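Notes follow the structure.
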Ligand SMILES: NC(=O)C1=CN([C@@H]2O[C@H](COP(=O)(O)OP(=O)(O)OC[C@H]3O[C@@H](n4cnc5c(N)ncnc54)[C@H](OP(=O)(O)O)[C@@H]3O)[C@@H](O)[C@H]2O)C=CC1
Ligand SMILES: Nc1nc2c(ncn2[C@@H]2O[C@H](COP(=O)(O)O)[C@@H](O)[C@H]2O)c(=O)[nH]1
Ligand SMILES: [K+]
């Protein structure tokens, strides 16, 4: 990456900068390979953040199916996290994970998980996992709230066989033949996944992130306290594909000790990410202690109050640029963590040198995020989000402490405890957001004449703009 003018003397964030097109030999946006060069095996440069409101097993499976990663949080008990890894590893690759409901569940309850939007389905199973039928999600929108989903099975979706879903084109043709957008795939009396027309197109467009056994990949976070080495070893044994050692102040000696412990336990079996840091000194120390990926960003996160509470942090574009330069010299890579609100921010993070970009709050408002779907005063669907250093998260994480210690911990909260993230009715699924992000970023690459993440990092030309320049780039929803 280079600046088109003088290198600015002050630090910059995403809205301060823009990309200038340059001569390109990349003739099609489909000729771009978005795989990050971070050793994770992902094929998209997107990682869902280890936040309780963002990543659970369903988010992890949905993203890995398209080639991105998600990081399960450090806040759950080891057994629960291992159960989540097992769930991800058992999920289908070319089909969506079913939204399962019991026949006696009410429509109202199911609507907390699945919105009444076309392109999705509810699969009804008995207590033993036997398939009873499936209904299109939009059917929930005109059923009584206290009706049971079992009652709705009289107008059920047709079923497909595994042979109908061997590849995207076959699946699309089968759905067209049946005249539906979405259908369950059933084998031996059990639903093995859900086929959809959009899913069929995506199966041909994306390459899944898979482990050595051909199962979906998943990353898992550990904190720096307790016994992070033993925890990481147990998680890797359970199938975790990347370990993320995560704490607010990543450039502290507790982190260096934790990283050394993790590396001594897991060896080179998996990439180890660590953070958060924002300086090249931090990058050097964490790589020396065993990190192969650095998680970069202090304060840009949407749920984060660190900058206002402490003045600590650094504008994110410069933080990524500085740490990535050092990391790459040392053979490590950077994930740009936080502050991403538009596809342009992902492109700019990659231009600054990141291999992948971590997204939290934006993904909290999707079907796959763990929270309950709720409606606000205007009837809009939303999910709740909160910061991992908020009072809410601190209380949850430290529930075992005595009341005095707990009260003391909450004095140091550095995050928002409750925020509402709207579900975009046009893009309710994280896969819809991935489509939007990757189409923007593929286009950024061709404007720069780059067909890969390393080539884009090399070729990107960046200018600095005023607030008016940034404003000019926005679309106008109404006339002036
Ligand atoms: N990217 C960002 O800007 C930030 C992210 N977060 C996220 O919040 C989650 C919780 O992280 P964290 O609060 O580190 O919790 P952890 O449970 O990981 O504990 C952090 C440890 O570091 C010690 N510590 C020393 N200085 C600090 C400091 N300035 N801030 C926080 N801890 C410090 C704490 O001790 P003691 O409590 O006694 O001080 C504690 O032992 C993580 O997911 C983290 O990524 C949080 C803040 C900023
Ligand atoms: N200072 C805090 N930072 C937080 C908190 N919770 C999460 N985070 C960080 O934000 C990113 C995600 O950023 P987003 O803009 O995409 O939402 C996450 O990975 C953490 O690094 C918090 O409570 N305080
Ligand atoms: K912020």
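Backbone N, Cα and C atoms are what each Cβ position is placed from, and that goes for glycine too.
Record features (TrEMBL):
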type     : residues                     : note
ACT_SITE : 304                          : active site, thioimidate intermediate
BINDING  : 246, 247, 248, 297, 298, 299 : NADP(+) binding site
DOMAIN   : 12-474                       : domain 'IMP dehydrogenase/GMP reductase'
Counting only residues outside 246, 247, 248, 297, 298, 299 in the same chain, those with C-beta within 8 angstroms of the NADP(+) site's C-beta centroid are 249, 250, 275, 276, 277, 295, 304, 306, 337, 338
Within the same chain, the residues at least 6 apart in sequence whose Cβ is under 8 angstroms from that of residue 297 (NADP(+) binding site) are 275, 276, 278, 316, 319, 320, 336, 337, 338, 339, 358
CB < 6 Å to ligand 3, subset of recorded positions 246, 247, 248, 298, 304, seq order -> 304
Result for ligand 2 contact check over recorded positions 246, 247, 304 with Cβ cutoff under 6 A is 304
On the domain 'IMP dehydrogenase/GMP reductase' (12-474), the mean of the pLDDT values is 97
Row residue 299 (NADP(+) binding site), column other C-beta within 10 angstroms, all chains, value 24
Taking every pair from 246, 247, 248, 297, 298, 299 (the record's NADP(+) binders), the biggest C-alpha distance in Å rounds to 14
Close in space but at least six residues away in sequence, with Cβ under 8 Å from that of residue 248 (NADP(+) binding site), the same-chain residues are 276, 298, 306, 389, 414
Filtered by Cβ under 8 Å and at least 6 apart in sequence, the residues in the chain of residue 304 (active site, thioimidate intermediate) near it are 338, 387, 389, 414, 415, 416
